[in-house]
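**Student:** One structure is given below, represented as structure tokens, and several questions about it will come after.
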Amino acid sequence: MTSFPERVFSGIQPTGNLHLGNYLGAIVKFVALQKTHECLFCVVDLHAITVPQDPKELRQAIRRIAAAYIASGVDPAKNIIFNQSQVAEHAELAWIFNCVARMGWLNRMTQFKEKAGKDRENASIGLFAYPALMAADILLYKATHVPVGEDQKQHIELARDVAQKFNNDFADSIAANGHQGGFFPLPEPLIQGPAARVMSLRDGTKKMSKSDPSEFSRINLSDDADAIAQKVRKAKTDPEPLPLAKDGLGGRPEAENLVGIFAALSDSTPDAVLQQFGGSQFSTFKQALVDLAVERLGPIGAEMRRLEADPAYIDSLLREGSRRAREIAEPNMCQVKDIVGFIR
Ligand code: TYM
């Protein structure tokens, strides 16, 4: 297998409010990776419409994700920040991948099963083919590393399977077109960290999610200090004091979640957090968590609101980002077409 230059790609759907899980599971990693890597950060609006969206709200949600990237510290000059639908090659490559991926692979995707629920017959074809589009997002840029939360691991594995099958199926044509080894890299997920899977504040066994009907289940990036304080204070816990070390968190999902969140927000580890708070009651720990969360998230929310008040500015950034993304996407797509046997 050829070695590919390292390149980072990730995306967030413009649906609902961004929450602490999106921030800690994904955006914090983007901010760190921009220091060492060439990065593309996408607002995946084509993915958003796999379930119905109100067009007016969708436009605002696209801008909100872009604002969240920038407000969190992703530099739009250094990195490519753009929305997926402005680079037509995503949809083009996704079609080719629809013809590479197998029904059986997609049938196994847990996110599809969850989102489609019992009424599978009524789910859109886009929702089923969603992971093939995600593979196209990543591979269009030959990205090698994909920072995501744990819930996306299965989708990245599918992207690896698609890359591998394309490389195998078209091996002769890839060689005939002058490429050494495989054409696509096998992208690696970057998942590790104390907040790879942030859980609901109401139920430590359920993922924090945009679609949970309870607002108290999640902290949104747009929450003000009062809302953050209320949600943390109301967060479910158990009656025991905090344990002295990480091992003591076993079987205590709510405690484990809050300690993980504290560790992630303070760039620390669960063990270090428990060295400080082991033996404390939750009331003490929750107050410290409120202070930390407000200190860390407050300025981001404020900056998001400032940016969102100037939609023309965000739109111009997205247009410029999309132009830069196309500079990479277009030549790669031309090569894919040659490999597949299209005339252009
Ligand atoms: P999305 O929009 O659901 O979530 C965006 C990112 O947030 C992470 N995340 C979490 N991390 C930790 N704890 C949680 N509770 C939590 N909830 C969400 C997700 O793992 C994700 O990293 N399919 C993707 C979007 C996508 C994409 C891509 C990602 C489309 N194309 C290409 C990477 C590369 C999604 O629905 O993410």
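Numbers run from 1 along the shown chain.
Just so it is clear, glycine is given a Cβ too, placed from its N, Cα and C backbone atoms.
TrEMBL lists these features:
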type    : residues                                                                                                  : note
BINDING : Gln13, Pro14, Thr15, Gly21, Asn22, Gly149, Glu150, Asp151, Val198, Lys207, Met208, Ser209, Lys210, Ser211 : ATP binding site
BINDING : Asp137                                                                                                    : L-tryptophan binding site
MOTIF   : 14-22                                                                                                     : motif ''HIGH' region'
MOTIF   : 207-211                                                                                                   : motif ''KMSKS' region'
**Student:** Give me the largest Cα to Cα distance among Gln13, Pro14, Thr15, Gly21, Asn22, Gly149, Glu150, Asp151, Val198, Lys207, Met208, Ser209, Lys210, Ser211, the residues the record lists as binding ATP, in Å as a whole number.
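**Tutor:** Between the most distant Cα atoms of the ATP site, 19 Å.
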**Student:** What are the DSSP helix/strand/coil residue counts across the motif ''KMSKS' region' (207-211)?
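**Tutor:** Residue counts in helix, strand and coil order: 0 helix, 1 strand, 4 coil.
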**Student:** By a Cβ-Cβ criterion of under 8 Å, what residues six or more beyond either terminus of the motif ''KMSKS' region' (207-211) are in contact with it?
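**Tutor:** Tertiary neighbours of the motif ''KMSKS' region' (207-211) are 15-21, 151, 197-201, 217-218.
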**Student:** Using a Cβ-Cβ cut-off under 8 angstroms and a sequence gap of six or more, which residues of the chain neighbour the residue listed as 'L-tryptophan binding site'?
**Tutor:** Phe9, Gly11, Cys42, Val44, Gln84, His90
**Student:** What three-state secondary structure does DSSP assign to Val198 (ATP binding site)?
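**Tutor:** Looking at the DSSP assignment, Val198 (ATP binding site) belongs to neither helix nor strand, so coil.
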**Student:** Can you check how the pLDDT averages out over the motif ''KMSKS' region' (207-211)?
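**Tutor:** Mean model confidence (pLDDT) across the motif ''KMSKS' region' (207-211) is 94.
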**Student:** Return one of helix, strand or coil for Thr15 (ATP binding site), based on DSSP.
**Tutor:** coil
**Student:** At a 10 Å cut-off from the C-beta of Lys210 (ATP binding site), count the other C-beta atoms across all protein chains.
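**Tutor:** Taking all protein chains shown, Lys210 (ATP binding site) has 14 Cβ neighbours within 10 Å.
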**Student:** Looking only at Cβ atoms, how many others are within 10 Å of the one on Glu150 (ATP binding site)?
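**Tutor:** Its Cβ has 17 other Cβ atoms within 10 Å.
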**Student:** If I restrict to non-local contacts, at least six residues apart, and a C-beta distance under 8 angstroms, what lies near Val198 (ATP binding site) in its own chain?
**Tutor:** His19, Leu20, Gly21, Leu24, Gly25, Gly149, Lys207, Met208, Asn257, Gly260, Ile261, Ala264
**Student:** Under DSSP, is Asn22 (ATP binding site) part of a helix or a strand, or is it coil?
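**Tutor:** Helix, per DSSP.
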**Student:** Taking 10 A as the limit, how many CB atoms besides its own sit near the CB of Met208 (ATP binding site)?
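**Tutor:** Result for Met208 (ATP binding site): 25 neighbouring Cβ atoms inside 10 Å.
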**Student:** In sequence order, which residues at least six apart in the same chain have a CB under 8 Å from the CB of Asn22 (ATP binding site)?
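**Tutor:** Residues satisfying the criterion: Ile12, Ala68, Gly149, Leu221.
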